[in-house]
Structure formats: structure tokens, C-alpha cells
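To start, the structure itself, in C-alpha cells.
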Amino acid sequence: MHKWVYTFGDGAAEGTAGMRDLLGGKGANLAEMSNSGVPVPPGFTITTEVCTHFTKTDGTYPDELKAQVEDALDKVGKTTGRRFGDMSKPLLVSVRSGARVSMPGMMDTVLNLGLNDDTVGALAEDAGDARFAYDSYRRFIQMYGDVVMGLEHHDFEAILETYKDEKSLNLDTDLTADDWQTIIERYKQLVVDQLGKPFPQDPRDQLWGAIGAVFGSWMNARAITYRRLHQIPESWGTAVNVQAMVFGNMGDTSATGVAFTRNPSTGENKLYGEFLVNAQGEDVVAGIRTPQAITEEARMESSAPEKPSLEQAMPEAFQEFRDICNRLERHYREMQDVEFTIERGKLWMLQTRSGKRTAKAALKIAVDMVDEGLITEEEAVTRVDPASLDQLLHPTIDPAAERNVVATGLPASPGAASGEIVFSSDEAERLANQGKAVILVRIETSPEDIHGMHAAEGILTTRGGMTSHAAVVARGMGKPCVSGAGGIRVDYQAGTLTSAGKTLKAGEIITIDGANGQVLAGSVPMLKPELSGDFARLMEWADKVRRMRVRTNAETPADARAARDFGAEGIGLCRTEHMFFDAERIGDMREMIVADTEEGRRAALDKLLPMQRSDFVELFEIMAGLPVTIRLLDPPLHEFLPKSPEEIEEVASAIGVSKTKLKRRLEQLEEFNPMLGHRGCRLAVSYPEIAEMQARAIFEAAVEAGKRTGNPVRPEIMIPLVGLKAELDIVKARIDAVAETVAKEAGQEIQYDVGTMVELPRACLIADKIAESAHFFSFGTNDLTQTTFGISRDDAASFLPTYQAQNIFETDPFVSMDIEGVGALVKIGVERGRQTRPDIKLGICGEHGGDPASIAFCETVGLDYVSCSPFRVPIARLAAAQAALKAMKA
């Protein structure tokens, strides 16, 4: 017979902590606590397998379940000296959900189940307190009506408030047993009025109603959304925990509370929590009464120091509680979040689980536990979520600060910034040069806004998603960004932004919070990041165990230096086109594009050559011998040209051509689908002089930087968007010829590698042929994702949320790599590339290079390095270490 129910309590349990998948996190921990002698009210867990059965069979249960639940109820009854449904010694229980990971959105707890019009009298007699018994019964009706029967919580509250007004009573504690009996009758009448049936009186009907509600809640909208956001599979299911009630509201020697074994905000090794005397569990978090501190030290620092701490009010229970907390932490070797109840002086532990914490706390707890000998350095590396490091790498808003929220968008790039509103990139640059902090506000950004984005403290757009131009560039620059704030209307002409009836003008101060997407009026206090101490130690431990190298995507000296500070081991992607958008260079670039002849283009390129060379010299010097991968010009040429009639006139005048000629050139370059058009290596084939100028700038810079620093420079030149081996061969031949020329001019040999950015499915499939000519592959997974799915990243925001809501996409494929499709192509590219050239260097340089889940995949296929934006380098270092540790155990 299959076992569906596992009991615990009285110093023993049928389950263990290792059975999380079957018993859920709560059930496994209750079993573990029982086995280790911690005082836990007896109970039983109905397994997650029942949830799966319930979901698949439209709400039915396995045949053996009912009998197993009855046996478990009998066992709990014998332990407590009570019987479920008994009129004289009733066993009352709580019913809670418990998935294998803590999951807000599941069914709320039901307490006091088993009470009815008869058993409430037995509880009153047993407790010697009629008021307590009827208060417990009315709580049960309210909870059960709300959580199980689907009635509105506020309808019950309205009845209570109306009654208090009738009787001129202020607090719930002012109500007598008779008052509660009146309230109970009104509550029961509410159930009849709204549902057309009475409140269930049979305890077994109540129990099965609650069990069904827990399993049903696994598929409610809140739970589905939470699972999607946290990549929790639907197949996991939830367990149900049924546990004998213990009462914290049986007078002044009873209490209930919640605590963490360490401070979840700071990580400090001190008991942290709150309790209430004469209260039930939900009272602590409901905010009806001000909770009291657990320790004396915390009481002195609290907002209500006049109320005694648990340490002061119940010293014996406190001492036992502190000892158990220490035991639990040593046992689990992890900071614990515990719930407890004291019933007439007797301490009961209701739950323990790994406590949620801030990134700062996670870091401190992990490092402290290594120092305390509880965990190893390698375990510490696995204890910190790499993505949470974002909170530590950027300024953040002080949690104590007041927030005047004017709009909300998507948290596209982490950090927070305050500044004056500006609506143009030129204005952002002008004001920034005057030393003013600005926030660039645009409907959407384009490559022409690079200078303004660079000058601004942060970026706010009303269109675009998490992978829009603004989001990607801002993350690369390490600047906070809120994108897709659709509730904001921007009027460039009037110089205003309007949201929810509030209008702000250019020059007014706003603050953006890239952590949650909020736009706030005014300036808000910030906390600066600290990257030494615990952070540095954890990174050192991570670097010891990781296999993959971590490079950065950078083309400015500031980005390169920031990346080095964050531990980058080279540049994996230098996008040369970003260098041409600079105000001093865009004119020469446009002149080259508009030129009718090769001679005209070469003349303009000659002006750009020294600028490119000087850029590369600086990058090579900063990287001091570390690898630098430079991608040749990638975007279509029309991106560098003006669009509006005013800009066309201005640019024509600036570069000395007629407006008609410029318009004609624009028409010639216009494309229906530029992403798949005349770009990447296709430009280098059509206009070889561009690739030749860039190659010369690279080689001359390598020679110069090598002389200056004494570090040999071996540049890696990357040819983008190769889909045919012939494309690579044609462009590589040009590069080799330039190298030979520069070597003769410099009188020295030039060491370099030529490779390709693998970003087309065809390139993955013919990687064995491409590897005959390429020294390295860098998988450009942004475009590989676009070309695999046939989805434009810039347009995906219009339907991606719908796809995620309907579980078509579990995650945004531009944020976390699609392992099944894009990942399969990468794997093919890796395997076929290595067949031809076993020592080929393999990396990834898309946005996925900074995503922990994608980095884990890169480890499994054996890539040599990942490359990501500077501020994601520490995230990648930690994620790569965790991936390596996981691979060692596999």
C-alpha cells in the first residue's frame, strides 16, 4: 500500500529533513525537529504526491488516503490525550500548506479547526476561560470562511467593527464571551446569506474542506505567478501539514512569536524577532497590536521599550527558546526563521525554515559561518544568490526613506539615482558637463542617445522591456534604468512628463529605483555600496573554485576600469560602433557613409583612424596584457544617419553635402528588416575599407600599448554575423594583409587571433567548417536568440508578458537562455568547432553572460569564458563558481 501520510511529534517522526520533495519544506523540517527532540506539537503531513493526484484528477484523492488520515488523527489524539470531533476532549488542529520551497501566494493558515457549536463549550471548560474559547471559534469561522469558503475577509471585519461601534468598544480585547457569541451568530449568518448554506459543523467536513483548499491553491493565480517568477515547476505540488493546536492566547503566561536566529537585514549574529503575550499566530503579523521584542537588547532599541521583552517576561521559556534556536542553527548550519507558541509557560516550536535575507545579510552570514566553523568556504560560495549581488554593487534607496511614487515601470537595470529631468541626450550631456546630476527621460532610446545615457545618472523610458536598448545599454554602463513605464506621458515639446494626473517639468528632481521600477518625486536618501570585507572574501573563495574565466563587455575606459575593479579577466566584447556615436566622431562617420566613392570613404576613414587607435591603446593599457576581443562594425549604416527633417538639414550642412544627396543616401540605406539586413560581416564584404581601417587601428594600438606598458598585447579580432565560411575567409584575408603591412611598418611581429561571433543558427550547424579559419568563437546569444525564435528583441515587449502569463515562456529568453533551443545550437557549435580545432577558444558575450542560469549551462557545455557588462562581473564570478561546484558533484 502506498504511503500518503507521514506523522511526527512526541520526539519521533516518520520523515526526515531530506524528504523535502515529498513532505515539502515545512513538513520535512517538522519531522526533523521532532526527531531531534525539539518540542513540536504532534501532527502529520499529507505528501506532495497527493497534490499531483488531486490536480491531475480534477480534485479527487487516492483511495487509501482517507484511512491513512484517520489513523494519523488517532495517533495525534493519543499523544495529546484528545480525540478529533470529541465533545468533551476535542482535538483541534491547524492546517497549513507547505511546498518544497517557501512560496507566498499559497493558501493561508487555518487555525482552531475542529471547533463547532458543541466543541467550543468543551474548550471553554478545559481552558477555564469562556472568552478565550469563543474568541477562538469566531477566529476559526472568519479564517475558514475567507480561506476555504472564499468569502471576503473584510466582510467579517465589518461585522466586528459594526458591533464594536454599537457597544462603544475600542479593542477586540474589550469584548466578553457573550459579545463573541453574538459575533459568532452574525458570522454564521453571513455564510448563509452569501453562500446559501450553513457553516460546516462536522470537524471532518471542515478538515477535508481545508485540505482541498490547500491543494486547490497550488493552481491559484497568485501561486502560478510566483512559480513563473521564480522558475518553480508546476509538477512539484504542495504538501499539507495538519498539526495539533497549541494556544498562545490562554492568558498572560501564553504567547506567540516569530524570530530569526540572526538579523535578516544585516546578518548580525543576534536573535531577531517579535512576540505577543496572550495572542494567536496571525496577531503578530496583522499589526493590530504592537509586538514586543524577544531580547532585552532589542527591547532597548525598539519603538516600544516600555513593553517587557520575552527575556524579561518569561525568562525560563526564553532560555529554552534561545537554546533551541542555537541547536537548530547548528543542526541545519543555516540561519533559521522560526515560529513558536508558549501555552501556559510551555514552549512549542511550530516551524523552522531557512530564513529569507537581504544580499548584505546573506554575505555576512555565509562569511561568519565559515569563521565559526559551521560551513566550509565552498559551502559559503553556494549560500549567496549571485543575482542578489546586484543589491550590493549599486547605490540603493535607504529603506527608511519616504517614497512619493509617481509612476512604476520595469526594473531594467539595478541601482537608484536622483537628478533633474532632461528630455534630450544633448541636454543631458550639457548639464552633466556643468556638474549637474540628471535623469534622461525618453519615450525610447536609440544608439544616438549613447552620449546622453553616459552623461545621465539614470535612464527612464516609457516604452521597451527588460531587454530593450535602454535596458541593455544601462546595465552595460552600470546605470539604473526604469523602462516601459507606460503610465507616463512624455511631451517633448512642452518639456513635461505626466503620470496619474501629476505633471513634472524639465529641471524638476526625480529619483528612479532600478530595483523595483518605481519613479519617485524629489530626491531620496541613498546607501552607497561597499565592496571590501565580506564581499572581497567571498569573491576570493569563488575564484578559487571556478573553472570559467569572466570577461567584460566594454568599449570605454571608464567601463574597462570598473570591470577590472570588479575582477574582470579581459574584454570579451568591445563594440566598436559605440565609439563612432561620440559627438566628435559622428560627423566623420556620416561623411564616410554618404561618400559616393571608395576614395571618399577612405578619406573620411583616415580621419577616424587616429580616434579608433587612441581608444584601443587606452583599452589595451587598462587591460595590461589580458585578452581584448574587438568586434568589427556591426550595425547597419543607416543607424548613424539622422531621421527628422531638422536633423537632416543640420547634418547635411555640417558634413558639406546637399540635403537632397543626404536624403537619397538615407533612402538607399533604408531596410525593411535591418536586424537581418546589411550589417555585420556583410558590411565588411561590401565596404572592405571599413574593416581595413579598424584592423589597422587595432594593430597600431597593439604595437603602441605594448611599448608603453611592456605587456605583450595579443588582440582578438571578432567578425560579426558570419553565416558562411567564405564570409569569414574574405574578411580575414583583409585583416591578415593589414597585419602584415603594419608589422613591416613597425618592424616587429604582431601576434593576434581572428574569430567570429556565432549568432546565426547556420553558423552553429557549420561550426566545424568555420573553425578551419577561426581561432575562437564567441556566441552572441542576443542575436542567436532573435534568429532562432524569429523574434525581434526590440519588439518582444508587446507580447512577451502574455506569453509568460500563459506559460508559453517560463522566462524571458532574452534574459535567461532558452536551453532547449538556443542552448542546443550552442552545444552543436561547441562540439563541431572542437572537432576541427580542439584548442579553439570558446566564450559567450550576449546578455546571458551575466545570467546565473545561463552561466550554469555554459559550464555544462565547457565554454572557456563568459563576458558580461562590468557591473555583472561579480555576479558572473560567483555564478561560475557555483556552476563548477555543481559540476564536480554531478
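The chain as shown is numbered from 1 upward.
Cβ from N, Cα, C; glycine included.
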Notebook entry, point to check: Given TrEMBL annotates Arg575, Arg631, Gly780, Thr781, Asn782, Asp783 as substrate-binding, which of Glu649, Glu650, Glu759 belongs to that site as well?
Noted result: Glu759
Check: When each of 21-58, 60-299, 437-517 is checked against the domain 'PEP-utilising enzyme C-terminal' (532-883) for Cβ pairs under 8 Å, which one has the most?
Finding: 437-517
Next item on the list: Sequence order is fine: just name those recorded positions in His469, Arg575, Arg631 with a Cα within 10 angstroms of Cys845 (active site, proton donor).
Entry: none
Check: Quick one: largest C-alpha distance among Arg575, Arg631, Glu759, Gly780, Thr781, Asn782, Asp783, binding substrate per the record, in angstrom?
Finding: 15
Item checked: Non-local residues, at least 6 beyond the ends, that sit with Cβ under 8 Å of the domain 'Pyruvate phosphate dikinase AMP/ATP-binding' (21-58) -> 3-15, 65, 69, 72-73, 75-76, 79-80, 93, 96-102, 211-212, 215-216, 218-219, 235-246, 324, 327-328, 331, 346-353
Notebook entry, point to check: Can you check what DSSP calls Arg631 (substrate binding site), collapsed to helix, strand or coil?
Noted result: strand
Notebook entry, point to check: Tell me, how many other CB atoms lie within 10 A of the CB of Arg631 (substrate binding site), whichever protein chain they belong to?
Noted result: 27
Margin query: Please report the distance from the Cα of Glu759 (substrate binding site) to the Cα of His469 (active site, tele-phosphohistidine intermediate), rounded to the nearest angstrom.
Written below: 18
Check: Of all the binding-site residues given, Thr781, Asp783, which has the fewest Cβ neighbours within 10 Å once its own Cβ is left out?
Finding: Asp783
Checklist line | Inter-residue C-alpha distance, Arg631 (substrate binding site) and His469 (active site, tele-phosphohistidine intermediate) (nearest angstrom) | finding: 19
Next item on the list: Could you round the CA separation between Asp783 (substrate binding site) and His469 (active site, tele-phosphohistidine intermediate) to a whole angstrom and send it over?
Entry: 13
